[in-house]
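Trainee: First the structure, then my questions, so here it is.
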Amino acid sequence: MKDVILIANAGSSSLKISIFGIQNKKVKDKIYNIFLEKNNNKILFYINQKQESAISIKDNAIEMMINLFEEWWTKQSALNLIATGHRIVHGGKNFNKPVIVNEKIIKELRVLIPLSPLHQPYNLQVLDLFFQKYKDISHIICFDTSFHYTNPPITKAFGLPKQYYDKGIMRYGFHGLSYQYVSSHFKEITMEDLPTKTIIAHLGSGSSLCAIKNGLSLTSSMGFSVLDGVMMATRTGNLDPGVVLYLINHEKMTMKEITELLYKKSGLLGISGESSDMRTLITNNSHDSKFAVELFVYRIVLEIGKLIAALEGIDCIIFTAGIGQNSAVIREMISGKLSWLGIKIDYGKNQKNEHRISTKGSKVKVFVVPTNEELIIAEEVMKFL
């Protein structure tokens, strides 16, 4: 039998599972890429991008996804599951590194649900189901916030009374697993050392940027929640708190309506009125679509300026995630607005998504490095085995 580990990443309507083979206590290869999603009234089940089945939703969707996976898993007699790894969005103040799951930790993480209400419940539901079904193996949690634990206090504090900071109302930062992968695998991918003062731009449906100094997170664009920072596919990004007060007092909106507005109806979708997909907006000639793209780029450029100030300089910018690693147009637009830094992009290399897309004469190096959150979780799991 072949020893494998399972990596789970759960969303509100989907579940991604990666099965990695291991050899000599190292992650060897990805054997299966499994994706389950809720689509209308059905759950669709994909293995290595091929649809295997579709079943009607009769009960809790996440539980049905796990059961559907387990039904398939029982037929994989050649594979021996020795551990699972799980992405948990929020680790709060106390979880600054991966941990082995037990009942006490699950209870502690449930307390953090108010800090990440749209992600944490589903992360924990999947974790708990695997923990209950596979009692004889280790289950390891990796947190999206842990990478930013090195941020100094000055970067974490809001201008609120200290009592709120003590209660955990502070800047945390997210997408940490992506930043950890890109920074730790940078040399093997690019054949260059990670420059001292680096900004990584994780640009996807959820987007953020991180200032990294000497390989460690210094600060990032996201703060208390995944709403903060740059504008995203359906999220607002930075927003004057007075806007929320106005929506409550004058628009008479409920908390549920405001949550829906800020998380699901804003960003690229809200500005364009057409789509949350950057690929669609780039090819659309409407005024609102163009404005949405321009605003997305503008907010990113402003954030890069803030992070350069925090770093007290800049040596390198790295683009990653769905938009960052695939959209030559967005990279060119951002780099163009940063030309005052002495950034020069090689048009041909940028179009081909090559790893280094800046010219030799560019004063700031610019790279494209695909992220791999599942692999970094798998590598963390192996440290416990």
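The backbone N, Cα and C atoms fix where each Cβ goes, glycine too.
Not my notes, these are from Swiss-Prot:
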type: ACT_SITE; residues: Asp144; note: active site, proton donor/acceptor
type: BINDING; residues: Asn9, Glu373; note: Mg(2+) binding site
type: BINDING; residues: Lys16, His202, Leu203, Gly204, Ser205, Gly206, Asp277, Met278, Arg279; note: ATP binding site
type: BINDING; residues: Arg87; note: substrate binding site
type: SITE; residues: His175; note: site 'Transition state stabilizer'
type: SITE; residues: Arg235; note: site 'Transition state stabilizer'
Trainee: May I ask for the distance between His175 (site 'Transition state stabilizer') and the residue listed as 'active site, proton donor/acceptor', taken between their Cα atoms and rounded to an integer number of Å?
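Mentor: Between the Cα atoms of His175 (site 'Transition state stabilizer') and the residue listed as 'active site, proton donor/acceptor', the distance comes to 5 Å.
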Trainee: Find, for the listed binding-site residues Asn9, Ser205, the residue with the lowest Cβ contact count at a 10 Å cut-off, counting only other Cβ atoms.
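Mentor: Lowest Cβ count within 10 Å among the binding-site residues (Asn9, Ser205) is Ser205.
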Trainee: Quick check for you: of the recorded positions Asn9, Asp144, Arg235, Glu373, which have their Cα within 10 Å of the Cα of Lys16 (ATP binding site)?
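Mentor: Final answer, ordered: Asn9.
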Trainee: Have a look at the recorded positions (Asp144, Asp277, Glu373) and report the one with the fewest Cβ neighbours inside 10 Å.
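Mentor: Each of the recorded positions Asp144, Asp277, Glu373 was scored by Cβ atoms within 10 Å; lowest is Asp277.
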Trainee: Near Leu203 (ATP binding site), how many other Cβ atoms are within 10 Å of its Cβ?
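Mentor: Leu203 (ATP binding site) is surrounded by 26 other Cβ atoms within 10 Å.
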Trainee: Where does Glu373 (Mg(2+) binding site) sit in DSSP terms: helix, strand, or coil?
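Mentor: In three-state terms, Glu373 (Mg(2+) binding site) counts as helix.
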Trainee: Tell me the Cα distance separating Glu373 (Mg(2+) binding site) from Arg235 (site 'Transition state stabilizer'), rounded to the nearest angstrom.
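Mentor: Cα-Cα distance, Arg235 (site 'Transition state stabilizer') to Glu373 (Mg(2+) binding site): 21 Å.
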Trainee: Compare the C-alpha of Glu373 (Mg(2+) binding site) with the C-alpha of each of the recorded positions Asp144, Ser205, Arg279, and give the closest one.
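Mentor: If we rank Asp144, Ser205, Arg279 by Cα distance to Glu373 (Mg(2+) binding site), first place goes to Asp144.
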Trainee: Among all chains shown, work out which of the recorded positions Lys16, Arg87, Arg235, Arg279 has the most CB atoms within 10 A of its CB.
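Mentor: When each Cβ's neighbours within 10 Å are tallied, Arg235 leads.
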Trainee: How far apart, in angstrom, are the most distant Cα atoms among the ATP-binding residues Lys16, His202, Leu203, Gly204, Ser205, Gly206, Asp277, Met278, Arg279?
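Mentor: Output for ATP binders Lys16, His202, Leu203, Gly204, Ser205, Gly206, Asp277, Met278, Arg279: max Cα distance 23 Å.
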Trainee: State the Cα to Cα distance, in Å, between Ser205 (ATP binding site) and Asn9 (Mg(2+) binding site), rounded to an integer.
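Mentor: The separation of the Cα atoms works out to 16 Å.
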Trainee: Looking at the recorded positions Asn9, Arg87, Asp144, whose Cα is closest in space to that of Leu203 (ATP binding site)?
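Mentor: Answer for the nearest of the recorded positions: Asp144.
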